[in-house]
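According to TrEMBL, the features are:
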TRANSMEM  56-75  transmembrane segment
TRANSMEM  81-101  transmembrane segment
TRANSMEM  113-135  transmembrane segment
TRANSMEM  141-162  transmembrane segment
TRANSMEM  183-203  transmembrane segment
TRANSMEM  215-236  transmembrane segment
TRANSMEM  295-313  transmembrane segment
TRANSMEM  333-355  transmembrane segment
TRANSMEM  367-385  transmembrane segment
TRANSMEM  616-635  transmembrane segment
TRANSMEM  647-668  transmembrane segment
Amino acid sequence: MGKLRIHSYFKGLLFPSDNDNCWSNKYKLILLLKLCGTNYPTSICFIVVNEFCERFSYYGMKAVLTLYFLTYLHWDKDLSTAVYHAFSSLCYFTPILGALIADSWLGKFKTIVYLSIVYVIGHVVKSVGAIPTVGNPDVHIALSMVGLILIAFGTGGIKPCVAAFGGDQFDEENVSERQKFFSIFYMSINAGSLLSTVITPILRGDVQCFGGDCYALAFGVPAALMVVALVVFIAGSSLYKRNPPQGNILLEVCNCIGFAIKNRWQRRRYEPQRKHWLDWAEEKYSKRLIQEIKMVLRVLVLYIPLPMFWALFDQQGSRWTLQATRMNMAFVRMLNALMILLFVPIFDLIIYPLVGLCRINITPLRKMAAGMVFAALAFGAATLVEVNVVKTVVDPAPAGNCLLQVFNLAGGDVSLQIPGSNPFPEPIKYLQDPPKYEMLPLKAPSKMLKIEVTLNGATSECQHIFNQQNSYSLIVFSETTGVQCKLVSASENGFLNTLPEAINLTVGDVTFHVPSGDMSPNKTVERREYAEVSCSLESKECSNVNLGLLDFGGSYTVILMEVRTLTIQMEDVKANNVHIAWQIPQYVLITTGEVMFSITGLEFSYSQAPANMKSVLQAGWLLTVAFGNVIVLIVAEGAGLEQWKEFLLFAGLLLGVFIIFSIMAYFYTYVDPDELDKIYAGDFFLNETEYMKQYLKEAK
């Protein structure tokens with residue numbers, strides 16, 4: 001019976017009769033199982049689970065990548081940041097390669113399988129590079145870089161294919177189900193991201209292996225999840241609807257565009273103008289191909305303003321994180337992912353239907369434009385938070401000036417006289433916590449100043465060189481020869497050791513070594529109460545030191561007077577009292593914008609693309625993310641603005657882009673790529689025949 005149906009169907013394709021409805025029964029040859037009597041194909045379950053595992057793998061690896069560079073490879077912050085962003089950018093530039101392979105050569109299914117294997121190999125290489133016993137540091141660096149490059153090609157290559165392949169599973173008439181699929185697909189991305197950013201750092205820090213943090217396990221678990229993703233995807237292979245690749249479509253598109261431009265230039269003087277400049281290619285290329293190129297180009301033009309949205313959105317992982325570190329509570333990294341999981345069903349099941357009841361036509365482009373407005377409002381809210389956060393931050397001194405505070409360890413009240421200024425008119429009490437940094441005029445880029453210090457009627461003189469726009473701490477102490485002074489940069493304010501021998505202290509997981517009579521550099525530690533800080537002298541162990549609460553945004557100098565009984569904590573920069581909850585409004589707004597912009601754009605890119613260019617257009621959509629990150633780098637490095645001004649600048653730029661995009665969207669005409677099958681029946685007939693040949697070949 002099955003053979004008879006195949007024969008009849010194939011015969012109908014070759015010799016269609018008037019009574020044969022083969023054109024509308026495009027895929028009835030394949031039995032597509034549905035979920036619980038709905039119009040959702042069973043195959044999408046495998047695709048959604050695959051995406052969840054792949055995103056867990058990707059974000060889990062990235063969650064500890066910067067720490068891996070800093071603490072395992074011992075790179076500095078600048079190099080670690082540069083390599084991290086270079087890797088992220090590569091992950092969003094490689095989708096165009098995966099799209100070309102899928103649409104022109106292997107098809108989406110095989111492309112996903114083969115590049116997933118590359119992806120797994122990259123994870124394994126990366127995990128092996130994190131094993132201390134494997135080679136020397138140069139080997140670890142080489143393995144890490146090779147692993148990251150393979151991961152970038154793997155994840156980037158499958159990005160445009162998985163979403164488009166999921167869309168392919170739906171019949172032409174199930175448009176609403178396909179739209180909901182993209183929402184579910186996006187939720188799986190954020191669910192994987194949410195779990196991985198929680199679990200992977202725990203595996204690194206709480207599990208010890210090879211005598212330290214277990215990066216091999218932290219990278220190995222994402223590798224295992226990628227293997228699961230690959231196995232799950234292959235398991236559903238018998239249920240998938242597969243559209244065969246159409247040959248080197250990009251080359252054909254480029255040749256068609258080139259021929260149209262050349263032909264128009266050669267014949268423009270003696271032939272009448274044609275309706276569209278691409279119509280000049282009709283002498284050589286089919287009308288169907290020309291129409292498909294028109295569709296793609298119209299969408300790509302719409303993409304031009306879109307990177308600005310991503311420029312704002314991706315700052316959640318950089319600028320907003322830095323803002324949160326200066327607030328008085330731990331930053332919740334998974335806040336956006338949590339809200340996505342909540343907002344997607346709320347918008348799909350409640351908000352969009354309610355708006356529809358009000359007879360408001362909410363087209364995809366209108367949703368995307370509204371998403372831009374919400375993202376701009378999010379940065380307006382971030383600006384207000386930033387203005388309040390920086391109130392406790394010490395502003396750098398202007399040119400020709402520096403900042404100075406004084407620590408008095410001399411055993412009594414001291415008075416200071418500085419020629420040309422009097423920033424300390426009142427006596428400074430013994431062990432007094434300096435209330436603030438005082439402005440010290442230099443009137444030059446650098447200047448040596450003589451400072452007169454008076455203790456118990458005796459005056460001593462100190463000489464030090466001060467540089468403009470720097471912050472200093474002047475330590476005044478007493479010796480048998482009189483009062484002495486020591487000048488240290490504010491970046492060196494940490495532990496001041498007045499003991500006769502060096503001391504080692506461990507604050508959380510940060511170690512300080514402080515020579516006798518010297519000061520340790522300033523280091524960043526976690527916010528918490530440090531009631532018992534372990535310490536050791538060169539000659540013996542010492543009692544634990546009580547530092548009390550080290551709060552968010554604060555900068556402290558701790559003076560070690562007597563190890564057993566006394567430590568004096570000086571607060572150089574006051575802790576920030578702005579609660580992390582003030583960031584919630586900006587996260588609500590940016591998540592609302594993401595739901596309306598990103599999910600809608602994903603589905604729009606699929607629905608407006610011809611069947612043979614869907615992966616290419618998905619790759620174009622992902623490229624807007626890459627260029628958005630480039631915008632952030634340009635503005636952040638080139639503008640040199642205060643953070644709140646930079647936030648305001650981004651909000652204003654996006655509002656400007658919103659106006660431009662709204663005008664472009666107003667003139668955009670939505671198309672149904674499937675209508676091309678009816679218009680260009682001859683081309684459709686050839687494609688259907690090719691489809692059947694491909695299916696029969698695979699069935700054998």
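Every residue, even glycine, has its Cβ placed from backbone N, Cα and C.
Remember, TrEMBL labels are computer predictions, not curated facts.
Packing against the transmembrane segment (113-135) from elsewhere in the chain are residues 54, 57, 61, 68, 72, 98, 101, 106, 141-144, 146-155, 157-158, 161, 210-212, 215-216, 218-220, 222-223, 226-227, 229-230, 233-234: each is 6 or more residues past its ends and has a CB under 8 Å from a CB in it. Counted over residue pairs separated by six or more positions, the transmembrane segment (295-313) shares fewer than 3 Cβ pairs under 8 angstroms with the transmembrane segment (56-75), which leaves the two as not touching. Listed by sequence, the residues of this chain that lie at least six past the ends of the transmembrane segment (56-75) yet keep a Cβ under 8 A from its Cβ atoms are 81, 83-84, 87-88, 91, 119, 123, 126, 130, 137, 140-141, 144, 151, 155, 192-193, 195-197, 199-201, 204, 213, 215, 218-219, 221-223, 225-226, 229. Scored on C-beta pairs under 8 angstroms, the neighbour of the transmembrane segment (333-355) with the top count among 183-203, 215-236, 367-385 is 183-203. Residues 298, 301-302, 305-306, 308-309, 311-312, 315, 319, 363, 365-366, 368-369, 372-373, 375-377, 379-380, 382-383, 386, 635, 639, 641 of the same chain lie 6 or more positions beyond the ends of the transmembrane segment (647-668) yet place their CB under 8 Å from a CB of it. With a threshold of 8 Å between CB atoms, the same-chain residues lying at least 6 positions outside the transmembrane segment (367-385) that come near it are 308-309, 312-313, 319-320, 323, 578, 582-583, 585-587, 589-590, 592-598, 600-601, 604, 644, 647-648, 650-652, 654-655, 657-658, 661-662, 665.
With Cβ pairs under 8 Å as the measure, the transmembrane segment (81-101) is packed most heavily against 616-635, out of 183-203, 215-236, 616-635. Same-chain neighbours of the transmembrane segment (215-236): 42-43, 45-47, 49-54, 56-58, 60-61, 64, 68, 72, 112-113, 116-117, 119-120, 123-124, 126-128, 130-131, 196, 199-201, 203-204, 207, 209, counting only residues six or more beyond its ends whose CB sits under 8 Å from a CB of the stretch. Within the chain carrying the transmembrane segment (183-203), a Cβ under 8 angstroms from the stretch's Cβ atoms is held by residues 44, 47-49, 51-61, 63-64, 163, 166, 214, 217-218, 221-222, 225, 333-334, 336-338, 340-341, 344-345, 347-348, 598-599, 602, all 6 or more beyond its ends.
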